[in-house]
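Read the structure below first, then the notes.
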Amino acid sequence: GAGADNDLYINQAVVFIEDAIQYRSINHRVDSKSLWLYRWYYSRTCQWILSLTITVILALAFIEEPSSLTVTSDVRYRLPAWNPPCGLTESIELLCFLVFVVDVSVKSYLIGWKEFWKNKWLMAYILTLIVSLTDWIVSLSFFCKESVRIRRILRPFFLLQNSSMMKKTLKSINSTLPEMASVVLLLAVHLSLFTMFAMLLFARTKDNQQDKEWVVYFRNLPDSLTSLLVLLTTANNPDVMVPAYSKNRAYSIFFILFTVLGNLFLMNLLTAIIYNQFRGYLLKSVQSSLFRRRLGIRAAFEVLSSLKETPASAQQSCVSVGALLQVLQKVEMDSRCKQAILRSLKMCSCDQLSAAQFQKLFEELDKDAIKQHPSSPEYQSYFMQKMQFAFGHPYFVYLGNVVALANIISICVVLVVDADKQPSERDDFFLGAINCFFILYYLLEMLLKILAMGLKRYLSYPSNRFDGLLTVILLILEIATFAVYGFPHPGWRPEFMGLLSLWDMVRLVNMLIVFRFLRIIPNMKFMALVVTTLLDLVKNLRAFAGILVVVFYAFAITGIMLFKGAVVPLGNTRYSNFLQGAQKNSKAEFTGGCTPFSIKKVVVLYFKEKNVVSWCSARFQAEVIYCLLYVLSVHLICRWAKIYFVAWWLISSVIWVNLFVALLLENFIHKWDRRCQRESLSDIEYQRTVELMFRDVLEEPTEEELMEKLHQHPHLLLCR
């Protein structure tokens, strides 16, 4: 009946508006059951479960063999790590896979069969699950003893496919690769030419004493290329040029030319190209997000205009205010936006809304989030008014900053004076006394600010919350110190008592005091601009951090599989005992383990002591042969390891760092250009998202484009 149709249209409008809020695609099923399933899938509970599942499956790598559950990473001191029994992590993994199977099944059903074949991400999702489950079965069949686990490398894909912004970012990076490839190719040519020059310039001569540059850095083509590639990262500068420079100062010209052309020109040119191209592609991505939002709002208008209560005599499509109010009651959206839309509806005198009016109402979604601070209390007493004026004045804040600076200086003086003293010679009286004085001042300052501003207004400022929290922690620590060790007095050096010694307590208090000095940042406009830029990047550019996690995770797992057992630690008992015994019996100077740098000494020692009865055993010969084979394998692995680390350097340092610099510049320039248009941050705080960062340069889609896209909807039939 008409009532059922109206309920369906209302629910469709609710879902379309929620899609618009989250920049989601509206190309999904729109029948009653599918809409219920759709809202359930995108509910906070389901999304939280999915996020938790992704976190758990990524965290499994920390407890799987080789386990990272050790306090120290030093092989000489760490205890054997706990490795879970076979089947424990596999059971957790299977539960995660079942959640992912449900996830991909719901997604595939909601978008429909035709849209499924167009969605490459969903197809890759299913393929990843099939490969992972197959590898899981193989792992169990080998009783968890297999050395290669393909599914571990595929785990970051689950994080990647769950974020639409990460997908857009990855697509933008992929589109930027051709331009980056041209500069990377130029870098390769630069490296190749200078490698050939270096091999000719530092060729082997008759004088072995003058061939240090050739022996260490330019012995052959792979070593020469590696040396210059490392020099491009400045990791071996100036070590790589010291032997040649010691021989002749003129050789420095070669290294200066290489560094200037490579680092100052080509690397910065790469940054400029990435900034220009990636910003353009990211802008296109954000433009498509804006189109999705406008399309979702227009779709909601179209289904609401199909309600039976809409007047048939209307010359153009319109939506009743009452229908929109029903929709707003069901929509999950930010309370600020909802209240702003309701206020606009109350101010509107008409009962029907046109498409333009309907769209304009939801432009509140595009506006900056403005946080108004509560007003200060109004005191009737003249004395209290004067107190409020005095302690609410900016000069009182400046006084607090001066006191905080004096506290930092006093701590520095004490640390410099006591730097070379033994703990038994140190007198903590002065440091304890000044800490007590300054903490009492911080407490008094906090109370006076609350008196002047009121508790709500005081807590509405992040700097005050930061300041007040540290003050309370400092006060608690100071009270605990006095309760355990008494009040400061000359010769205040009590023995260790409780969980922490006195010196540990004092150090903890001083570290918090130093940390508290960051309160000056909001009072320095340029520094505040820089800090807010960084905070915006942390809050809004989570997609880039997510892709960085994907890259780190994939390379870490690949490195574990490639180099597992390739290098025996120097603290290994077997080789250290063997080498110590050899050194003791030969009375030779011998250090190091079984590495390419010490194998020559092992061989020389072997032939030198060959006739000695105690070392002429088959066991010693077997150990030397094993050591030779080990060094040979390490040498071969090191050759192939160069490809792994060069790929890591290109992706993480060259490409990703430049992408981050480009986005940092864009965000900073945007804030710098708008700093004169904004009111003081003391009264109003503006919160911006990635989409709002480009809002001024985005183009609004036309009505023809929106209607054409709506008519292409695979599951929605419009009346016009």
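Backbone N, Cα and C atoms are what each Cβ position is placed from, and that goes for glycine too.
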Can you dig out which of the ranges 92-110, 339-357 TrEMBL describes as transmembrane segment?
92-110
Do any residues of this chain, six or more beyond the ends of the transmembrane segment (45-63), have a C-beta under 8 angstroms from a C-beta of it, and if so which?
69, 82, 84, 89, 92-93, 95-96, 99-100, 103, 152, 155-156, 158-159, 162, 549, 553, 556-557
Which residues of the same chain, at least 6 past either end of the transmembrane segment (643-665), have a Cβ under 8 Å from a Cβ in it?
173, 180, 184, 229, 233, 267, 270-271, 274-275, 278-279, 282, 533, 537, 541, 544, 547-548, 551-552, 555, 558-559, 562
Which of 92-110, 122-143, 253-275, 429-448 contacts the transmembrane segment (180-202) most, counting Cβ pairs under 8 Å:
253-275
